[in-house]
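Features as listed in TrEMBL:
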type: TRANSMEM; residues: 32-51; note: transmembrane segment
type: TRANSMEM; residues: 111-132; note: transmembrane segment
type: TRANSMEM; residues: 165-183; note: transmembrane segment
type: TRANSMEM; residues: 190-215; note: transmembrane segment
type: TRANSMEM; residues: 250-271; note: transmembrane segment
type: TRANSMEM; residues: 319-337; note: transmembrane segment
type: TRANSMEM; residues: 349-374; note: transmembrane segment
type: TRANSMEM; residues: 386-404; note: transmembrane segment
type: TRANSMEM; residues: 416-439; note: transmembrane segment
Amino acid sequence: MTKPSGTGPPEPPATSSSGASFLVTTFFDRPLPLYLSAAIFRLVFLLYGLWQDANSPVKYTDIDYLVFTDAARFVSQGQSPYERETYRYTPVLAWLLLPTAHVTGNRILDVAFFSFGKVLFAISDLVAGWLLEKVLAKSMDAPRARKFATIWLLNPMVATISTRGSSEGLLGVLVMALLWAVFERRVTLAGLLLGFSVHFKIYPFIYAPAIVWWMDNERMSSNKTKPTSLSSKSPSLTAKILNFITPPRLQLALISLTTFLTLNIAMYLIYGTPFLQETYLHHVTRLDHRHNFSPYNTQLYLSSSLPLSSSSSFRIEKLAFLPQLLLSTVFIPLVTAKKSLPTTMLAQTFAFVTFNKVCTSQYFLWYMVLLPLYLPQSSFVQNKRFGLAALVLWVVAQGAWLQQGFELEFLGNSTYLPGLWLASLAFFGVNCWILGVIIGDVR
(Lines of atoms letter the chains of each structure in order from A and count residues from 1; the text may use other names and numbers.)
(Lines give C-alpha, C1' and ligand atoms only; values in the text may rest on other atoms or scores of the structure.)
Protein backbone atom coordinates (compact mmCIF):
# COMPACT_ATOMS: atom_id res chain seq x y z
CA MET A 1 0.00 0.00 0.00
CA THR A 2 1.45 3.33 -1.04
CA LYS A 3 1.94 6.23 1.35
CA PRO A 4 -0.39 9.16 0.60
CA SER A 5 1.40 12.00 -1.12
CA GLY A 6 2.24 15.04 0.93
CA THR A 7 2.54 13.18 4.18
CA GLY A 8 5.83 12.72 5.95
CA PRO A 9 7.09 11.07 9.06
CA PRO A 10 5.41 12.26 12.23
CA GLU A 11 7.18 15.07 14.11
CA PRO A 12 9.28 13.78 17.00
CA PRO A 13 7.98 14.59 20.42
CA ALA A 14 9.56 17.49 22.31
CA THR A 15 12.73 16.34 23.99
CA SER A 16 13.85 17.14 27.50
CA SER A 17 16.68 19.25 26.08
CA SER A 18 14.24 21.54 24.26
CA GLY A 19 12.22 21.83 27.46
CA ALA A 20 15.33 22.75 29.40
CA SER A 21 16.21 25.30 26.73
CA PHE A 22 12.76 26.86 27.07
CA LEU A 23 13.17 27.08 30.85
CA VAL A 24 16.57 28.75 30.50
CA THR A 25 15.19 31.23 27.97
CA THR A 26 12.22 32.03 30.22
CA PHE A 27 14.53 32.41 33.22
CA PHE A 28 16.51 35.20 31.52
CA ASP A 29 13.59 36.93 29.80
CA ARG A 30 12.79 38.93 32.94
CA PRO A 31 15.15 40.17 35.67
CA LEU A 32 13.05 38.93 38.62
CA PRO A 33 13.85 35.18 38.37
CA LEU A 34 17.60 35.79 38.17
CA TYR A 35 17.86 38.31 41.00
CA LEU A 36 15.43 36.40 43.22
CA SER A 37 17.50 33.24 42.67
CA ALA A 38 20.71 35.13 43.47
CA ALA A 39 19.17 36.50 46.68
CA ILE A 40 17.89 33.08 47.79
CA PHE A 41 21.27 31.57 46.90
CA ARG A 42 22.99 33.97 49.31
CA LEU A 43 20.34 33.50 51.98
CA VAL A 44 21.01 29.75 51.95
CA PHE A 45 24.73 30.36 52.37
CA LEU A 46 24.08 32.85 55.15
CA LEU A 47 21.81 30.50 57.11
CA TYR A 48 24.19 27.60 56.62
CA GLY A 49 26.99 29.80 57.93
CA LEU A 50 25.05 30.53 61.11
CA TRP A 51 24.55 26.80 61.63
CA GLN A 52 28.22 26.00 61.01
CA ASP A 53 29.39 28.74 63.36
CA ALA A 54 27.16 27.33 66.12
CA ASN A 55 27.98 23.65 65.59
CA SER A 56 31.46 23.28 64.12
CA PRO A 57 34.95 24.02 65.47
CA VAL A 58 35.80 25.30 61.95
CA LYS A 59 33.93 28.57 61.65
CA TYR A 60 32.20 29.78 58.50
CA THR A 61 32.60 33.46 59.40
CA ASP A 62 35.78 35.02 58.02
CA ILE A 63 38.25 36.30 60.59
CA ASP A 64 38.17 39.66 58.78
CA TYR A 65 34.50 40.03 59.66
CA LEU A 66 35.36 39.70 63.34
CA VAL A 67 37.95 42.44 62.85
CA PHE A 68 35.35 44.67 61.14
CA THR A 69 32.73 44.15 63.83
CA ASP A 70 35.21 44.66 66.68
CA ALA A 71 36.23 47.95 65.09
CA ALA A 72 32.56 48.94 64.77
CA ARG A 73 32.08 48.16 68.46
CA PHE A 74 34.98 50.46 69.38
CA VAL A 75 33.43 53.22 67.25
CA SER A 76 30.05 52.72 68.95
CA GLN A 77 31.83 53.31 72.28
CA GLY A 78 33.32 56.58 71.06
CA GLN A 79 36.78 55.13 70.44
CA SER A 80 38.93 54.70 67.35
CA PRO A 81 38.42 51.65 65.12
CA TYR A 82 42.21 51.31 65.17
CA GLU A 83 41.99 50.22 68.79
CA ARG A 84 41.30 46.87 67.19
CA GLU A 85 44.61 45.31 66.16
CA THR A 86 44.88 44.34 62.48
CA TYR A 87 42.10 46.75 61.42
CA ARG A 88 43.69 48.07 58.21
CA TYR A 89 40.75 49.77 56.57
CA THR A 90 39.06 53.14 56.27
CA PRO A 91 36.90 54.15 59.26
CA VAL A 92 33.99 54.37 56.79
CA LEU A 93 33.76 50.57 56.83
CA ALA A 94 33.48 50.48 60.62
CA TRP A 95 30.85 53.21 60.46
CA LEU A 96 28.80 51.21 57.94
CA LEU A 97 28.85 48.22 60.30
CA LEU A 98 27.75 50.08 63.44
CA PRO A 99 24.48 48.07 63.62
CA THR A 100 26.57 44.94 64.31
CA ALA A 101 27.56 46.43 67.66
CA HIS A 102 23.94 46.74 68.84
CA VAL A 103 23.07 44.35 71.68
CA THR A 104 19.48 43.72 72.77
CA GLY A 105 19.85 40.74 75.09
CA ASN A 106 17.67 38.66 72.78
CA ARG A 107 19.80 35.92 71.21
CA ILE A 108 17.97 35.85 67.87
CA LEU A 109 17.98 39.63 67.50
CA ASP A 110 21.64 39.84 68.50
CA VAL A 111 22.58 37.28 65.86
CA ALA A 112 20.54 39.24 63.31
CA PHE A 113 22.27 42.52 64.20
CA PHE A 114 25.69 40.83 64.15
CA SER A 115 24.93 39.48 60.66
CA PHE A 116 24.01 42.93 59.33
CA GLY A 117 27.36 43.31 57.60
CA LYS A 118 27.07 39.97 55.83
CA VAL A 119 23.62 40.93 54.57
CA LEU A 120 24.99 44.30 53.41
CA PHE A 121 27.82 42.61 51.51
CA ALA A 122 25.42 40.09 49.94
CA ILE A 123 23.10 42.91 48.80
CA SER A 124 26.16 44.65 47.36
CA ASP A 125 26.75 41.56 45.23
CA LEU A 126 23.25 41.92 43.77
CA VAL A 127 23.68 45.64 43.09
CA ALA A 128 27.03 44.99 41.42
CA GLY A 129 25.34 42.34 39.26
CA TRP A 130 22.58 44.77 38.31
CA LEU A 131 25.13 47.41 37.27
CA LEU A 132 27.01 44.71 35.39
CA GLU A 133 23.86 43.90 33.45
CA LYS A 134 23.34 47.60 32.61
CA VAL A 135 26.86 47.89 31.19
CA LEU A 136 26.52 44.62 29.24
CA ALA A 137 23.16 45.75 27.83
CA LYS A 138 24.94 48.53 25.94
CA SER A 139 26.33 45.94 23.54
CA MET A 140 23.71 43.14 23.59
CA ASP A 141 20.05 42.45 24.34
CA ALA A 142 18.89 42.27 27.96
CA PRO A 143 18.37 38.47 28.22
CA ARG A 144 21.89 37.79 26.91
CA ALA A 145 23.29 40.43 29.28
CA ARG A 146 21.64 38.62 32.20
CA LYS A 147 23.17 35.32 31.09
CA PHE A 148 26.66 36.79 31.38
CA ALA A 149 25.78 38.63 34.62
CA THR A 150 24.94 35.18 36.03
CA ILE A 151 28.68 34.45 36.10
CA TRP A 152 28.82 36.92 38.99
CA LEU A 153 25.34 36.65 40.48
CA LEU A 154 25.16 32.84 40.77
CA ASN A 155 28.85 32.24 41.35
CA PRO A 156 29.24 30.14 44.54
CA MET A 157 32.70 31.57 45.21
CA VAL A 158 31.35 35.13 45.14
CA ALA A 159 28.36 34.22 47.35
CA THR A 160 30.55 32.36 49.84
CA ILE A 161 33.09 35.15 50.24
CA SER A 162 30.39 37.79 50.78
CA THR A 163 28.30 35.76 53.23
CA ARG A 164 31.41 34.83 55.21
CA GLY A 165 31.81 38.56 55.86
CA SER A 166 34.28 39.88 53.31
CA SER A 167 33.63 43.45 52.17
CA GLU A 168 34.79 42.95 48.57
CA GLY A 169 31.19 43.14 47.33
CA LEU A 170 31.19 46.84 48.22
CA LEU A 171 34.19 47.31 45.94
CA GLY A 172 32.31 45.48 43.19
CA VAL A 173 29.51 48.03 43.41
CA LEU A 174 31.92 50.99 43.35
CA VAL A 175 33.92 49.68 40.38
CA MET A 176 30.86 48.80 38.30
CA ALA A 177 29.23 52.13 39.15
CA LEU A 178 32.44 53.89 38.08
CA LEU A 179 32.50 52.10 34.73
CA TRP A 180 28.79 52.78 34.16
CA ALA A 181 29.27 56.50 34.96
CA VAL A 182 32.20 56.74 32.53
CA PHE A 183 30.20 55.12 29.73
CA GLU A 184 27.28 57.44 30.47
CA ARG A 185 29.76 60.38 30.33
CA ARG A 186 28.75 61.49 33.82
CA VAL A 187 32.20 62.84 34.60
CA THR A 188 31.37 64.42 37.96
CA LEU A 189 29.83 61.20 39.26
CA ALA A 190 32.77 59.20 37.88
CA GLY A 191 35.21 61.51 39.68
CA LEU A 192 33.35 61.18 42.98
CA LEU A 193 33.23 57.37 42.66
CA LEU A 194 36.91 57.11 41.71
CA GLY A 195 38.01 59.29 44.63
CA PHE A 196 35.84 57.42 47.12
CA SER A 197 36.87 54.01 45.76
CA VAL A 198 40.58 54.76 46.19
CA HIS A 199 39.91 56.01 49.71
CA PHE A 200 37.91 52.90 50.53
CA LYS A 201 40.48 50.48 49.10
CA ILE A 202 43.69 51.61 47.47
CA TYR A 203 43.76 49.47 44.34
CA PRO A 204 41.09 51.26 42.17
CA PHE A 205 43.64 54.02 41.52
CA ILE A 206 44.98 51.76 38.74
CA TYR A 207 41.85 52.52 36.69
CA ALA A 208 42.59 56.25 36.49
CA PRO A 209 45.18 56.02 33.66
CA ALA A 210 42.94 53.73 31.57
CA ILE A 211 39.86 55.94 32.01
CA VAL A 212 41.79 59.13 31.26
CA TRP A 213 43.38 57.58 28.17
CA TRP A 214 39.96 56.34 26.99
CA MET A 215 38.29 59.75 27.47
CA ASP A 216 39.45 61.37 24.23
CA ASN A 217 37.53 64.08 22.40
CA GLU A 218 35.95 61.60 20.00
CA ARG A 219 34.36 59.56 22.82
CA MET A 220 33.41 62.42 25.12
CA SER A 221 31.98 64.69 22.43
CA SER A 222 28.26 64.59 21.67
CA ASN A 223 29.19 65.05 18.00
CA LYS A 224 30.36 61.63 16.80
CA THR A 225 32.00 62.83 13.56
CA LYS A 226 35.75 62.59 13.62
CA PRO A 227 37.56 65.93 13.58
CA THR A 228 39.16 66.73 10.24
CA SER A 229 42.67 68.09 10.09
CA LEU A 230 43.28 71.21 7.96
CA SER A 231 46.98 70.49 7.77
CA SER A 232 48.87 67.46 6.56
CA LYS A 233 51.62 68.21 9.08
CA SER A 234 51.85 65.95 12.11
CA PRO A 235 51.10 67.92 15.29
CA SER A 236 54.00 69.03 17.48
CA LEU A 237 54.63 67.59 20.94
CA THR A 238 53.21 70.75 22.53
CA ALA A 239 50.05 70.45 20.44
CA LYS A 240 49.67 66.79 21.41
CA ILE A 241 49.95 67.67 25.10
CA LEU A 242 47.43 70.49 24.77
CA ASN A 243 45.05 68.20 22.88
CA PHE A 244 45.40 65.59 25.62
CA ILE A 245 44.42 68.03 28.40
CA THR A 246 40.70 68.14 27.67
CA PRO A 247 37.98 69.54 29.98
CA PRO A 248 36.51 66.08 30.82
CA ARG A 249 39.95 64.73 31.75
CA LEU A 250 40.69 67.77 33.91
CA GLN A 251 37.25 67.53 35.51
CA LEU A 252 37.74 63.85 36.36
CA ALA A 253 41.21 64.46 37.79
CA LEU A 254 40.19 67.44 39.92
CA ILE A 255 36.98 65.90 41.30
CA SER A 256 38.53 62.51 42.09
CA LEU A 257 41.61 64.06 43.72
CA THR A 258 39.48 66.51 45.72
CA THR A 259 37.20 63.70 46.91
CA PHE A 260 40.14 61.51 47.89
CA LEU A 261 41.97 64.31 49.74
CA THR A 262 38.84 65.59 51.48
CA LEU A 263 38.01 62.14 52.87
CA ASN A 264 41.58 61.50 53.96
CA ILE A 265 41.98 64.90 55.63
CA ALA A 266 38.69 64.42 57.47
CA MET A 267 39.72 60.94 58.70
CA TYR A 268 43.15 62.20 59.72
CA LEU A 269 41.60 65.04 61.74
CA ILE A 270 39.36 62.52 63.53
CA TYR A 271 41.75 59.59 64.03
CA GLY A 272 45.24 61.02 63.51
CA THR A 273 48.36 59.10 62.49
CA PRO A 274 46.90 55.59 63.10
CA PHE A 275 44.54 56.23 60.18
CA LEU A 276 47.42 56.89 57.77
CA GLN A 277 49.55 54.07 59.13
CA GLU A 278 46.93 51.33 59.15
CA THR A 279 44.95 52.31 56.06
CA TYR A 280 47.79 53.13 53.68
CA LEU A 281 51.39 52.91 54.94
CA HIS A 282 50.96 49.40 56.36
CA HIS A 283 50.41 47.98 52.87
CA VAL A 284 53.87 49.12 51.75
CA THR A 285 55.67 47.11 54.44
CA ARG A 286 53.19 44.29 55.13
CA LEU A 287 54.66 40.78 55.40
CA ASP A 288 51.48 38.67 55.39
CA HIS A 289 52.49 35.17 54.40
CA ARG A 290 49.45 33.22 55.61
CA HIS A 291 46.71 32.36 53.06
CA ASN A 292 48.94 34.02 50.44
CA PHE A 293 48.95 32.54 46.91
CA SER A 294 51.76 34.86 45.80
CA PRO A 295 55.19 33.47 44.81
CA TYR A 296 56.57 35.99 47.34
CA ASN A 297 54.95 33.86 50.06
CA THR A 298 58.09 32.02 51.19
CA GLN A 299 60.23 35.16 51.00
CA LEU A 300 57.72 37.04 53.17
CA TYR A 301 57.78 34.18 55.68
CA LEU A 302 61.57 34.38 55.91
CA SER A 303 61.54 38.19 56.12
CA SER A 304 58.91 38.18 58.88
CA SER A 305 61.48 36.71 61.27
CA LEU A 306 63.83 39.66 60.76
CA PRO A 307 63.51 42.95 62.69
CA LEU A 308 61.97 45.74 60.62
CA SER A 309 65.04 47.91 61.23
CA SER A 310 67.37 45.26 59.84
CA SER A 311 69.40 46.54 56.89
CA SER A 312 71.84 43.66 56.67
CA SER A 313 69.80 41.72 54.10
CA PHE A 314 68.22 42.63 50.79
CA ARG A 315 64.43 42.38 50.88
CA ILE A 316 63.06 41.63 47.46
CA GLU A 317 59.48 42.26 48.59
CA LYS A 318 60.31 45.98 48.68
CA LEU A 319 60.63 45.84 44.87
CA ALA A 320 57.46 43.80 44.35
CA PHE A 321 55.49 46.93 43.47
CA LEU A 322 57.61 47.70 40.38
CA PRO A 323 56.38 45.00 37.95
CA GLN A 324 52.91 45.18 39.47
CA LEU A 325 52.48 48.93 38.96
CA LEU A 326 54.27 49.12 35.61
CA LEU A 327 51.94 46.50 34.16
CA SER A 328 48.68 47.65 35.72
CA THR A 329 49.06 51.43 35.44
CA VAL A 330 51.33 52.00 32.43
CA PHE A 331 51.76 49.20 29.88
CA ILE A 332 48.28 47.66 29.86
CA PRO A 333 46.32 50.96 29.76
CA LEU A 334 48.52 52.38 26.99
CA VAL A 335 48.16 49.29 24.81
CA THR A 336 44.49 48.39 25.30
CA ALA A 337 42.41 51.19 26.89
CA LYS A 338 41.31 52.82 23.63
CA LYS A 339 40.24 49.44 22.22
CA SER A 340 38.15 48.18 25.16
CA LEU A 341 37.92 49.94 28.52
CA PRO A 342 36.14 47.08 30.41
CA THR A 343 38.65 44.47 29.25
CA THR A 344 41.50 46.83 30.04
CA MET A 345 40.21 47.24 33.59
CA LEU A 346 39.93 43.45 33.86
CA ALA A 347 43.52 43.01 32.63
CA GLN A 348 44.77 45.74 34.98
CA THR A 349 43.07 44.12 37.97
CA PHE A 350 44.22 40.64 36.97
CA ALA A 351 47.82 41.87 36.69
CA PHE A 352 47.59 43.81 39.97
CA VAL A 353 46.31 40.76 41.88
CA THR A 354 48.64 38.26 40.18
CA PHE A 355 51.79 40.31 40.80
CA ASN A 356 50.78 41.53 44.26
CA LYS A 357 53.10 40.36 47.03
CA VAL A 358 49.99 39.41 49.03
CA CYS A 359 47.34 37.51 47.07
CA THR A 360 44.34 36.02 48.90
CA SER A 361 41.15 34.49 47.53
CA GLN A 362 39.12 37.61 48.39
CA TYR A 363 41.19 39.54 45.85
CA PHE A 364 39.92 37.27 43.08
CA LEU A 365 36.57 39.05 43.37
CA TRP A 366 38.26 42.26 42.25
CA TYR A 367 38.58 40.89 38.71
CA MET A 368 35.66 38.44 38.75
CA VAL A 369 33.18 41.32 38.72
CA LEU A 370 34.73 42.52 35.43
CA LEU A 371 35.04 39.07 33.86
CA PRO A 372 31.50 38.95 32.31
CA LEU A 373 32.28 42.15 30.38
CA TYR A 374 35.20 40.48 28.64
CA LEU A 375 33.89 36.96 28.05
CA PRO A 376 31.30 37.53 25.26
CA GLN A 377 33.99 38.19 22.63
CA SER A 378 36.84 36.32 24.30
CA SER A 379 38.89 33.38 23.04
CA PHE A 380 37.67 31.43 26.07
CA VAL A 381 34.04 31.58 24.89
CA GLN A 382 34.68 31.46 21.13
CA ASN A 383 36.66 28.24 21.64
CA LYS A 384 34.84 26.42 24.42
CA ARG A 385 37.43 23.65 24.77
CA PHE A 386 40.12 26.24 25.18
CA GLY A 387 38.02 28.08 27.78
CA LEU A 388 37.29 24.88 29.69
CA ALA A 389 41.00 23.96 29.67
CA ALA A 390 41.89 27.39 31.07
CA LEU A 391 39.27 27.07 33.82
CA VAL A 392 40.48 23.58 34.75
CA LEU A 393 44.10 24.75 34.87
CA TRP A 394 43.19 27.70 37.08
CA VAL A 395 41.16 25.53 39.48
CA VAL A 396 43.73 22.72 39.60
CA ALA A 397 46.62 25.12 40.22
CA GLN A 398 44.64 26.80 42.99
CA GLY A 399 43.67 23.40 44.44
CA ALA A 400 47.32 22.30 44.50
CA TRP A 401 48.20 25.39 46.51
CA LEU A 402 45.25 24.88 48.89
CA GLN A 403 46.33 21.31 49.54
CA GLN A 404 49.80 22.51 50.53
CA GLY A 405 48.30 25.35 52.56
CA PHE A 406 46.02 22.92 54.41
CA GLU A 407 49.02 20.74 55.30
CA LEU A 408 50.83 23.79 56.64
CA GLU A 409 48.11 25.76 58.43
CA PHE A 410 45.79 23.01 59.67
CA LEU A 411 48.06 20.00 60.13
CA GLY A 412 51.19 21.89 61.13
CA ASN A 413 53.44 20.26 58.51
CA SER A 414 56.14 22.54 57.09
CA THR A 415 55.45 22.65 53.34
CA TYR A 416 57.11 25.96 52.52
CA LEU A 417 59.84 24.26 50.48
CA PRO A 418 59.43 22.84 47.96
CA GLY A 419 55.67 22.14 47.97
CA LEU A 420 54.05 25.50 48.76
CA TRP A 421 56.61 27.48 46.79
CA LEU A 422 56.24 25.31 43.68
CA ALA A 423 52.44 25.47 43.96
CA SER A 424 52.67 29.26 44.18
CA LEU A 425 54.85 29.38 41.06
CA ALA A 426 52.45 27.09 39.18
CA PHE A 427 49.43 29.25 40.08
CA PHE A 428 51.38 32.39 39.17
CA GLY A 429 52.32 30.87 35.82
CA VAL A 430 48.72 29.93 34.99
CA ASN A 431 47.55 33.43 35.88
CA CYS A 432 50.26 35.03 33.72
CA TRP A 433 49.20 32.84 30.78
CA ILE A 434 45.53 33.81 31.22
CA LEU A 435 46.55 37.49 31.46
CA GLY A 436 48.43 37.12 28.16
CA VAL A 437 45.32 35.68 26.50
CA ILE A 438 43.16 38.57 27.76
CA ILE A 439 45.58 41.21 26.48
CA GLY A 440 45.97 39.32 23.19
CA ASP A 441 42.20 39.27 22.70
CA VAL A 442 42.02 43.05 23.01
CA ARG A 443 44.93 43.65 20.65
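From the backbone N, Cα and C atoms, a Cβ is placed for every residue, glycine too.
TrEMBL entries are annotated by machine, without manual review.
Ranking 32-51, 111-132, 250-271, 349-374, 416-439 by CB pairs under 8 A with the transmembrane segment (165-183) puts 111-132 at the top. Residues 293, 378-380, 415, 419-420, 423-424, 426-427, 429-431, 433-434, 437 of the same chain sit 6 or more residues outside the transmembrane segment (386-404) yet have a Cβ under 8 Å from a Cβ within it. In this chain, the transmembrane segment (250-271) does not touch the transmembrane segment (319-337); fewer than three CB pairs sit within less than 8 A of each other, excluding pairs fewer than 6 residues apart. Here the transmembrane segment (250-271) has Cβ contacts under 8 Å with residues 80-82, 90-92, 187-188, 190-192, 194-196, 198-199, 208, 211-212, 215, 279 of the same chain, all six or more residues outside its ends.
Counting same-chain residues at least six beyond the ends of the transmembrane segment (190-215), those with a Cβ under 8 angstroms from any Cβ of the stretch are 89-90, 92-93, 170-171, 174-175, 177-178, 181-182, 246, 248-249, 251-260, 263-264, 280, 283, 325, 328-330, 332-334, 337-338, 341, 344-345, 348-349, 352, 366.
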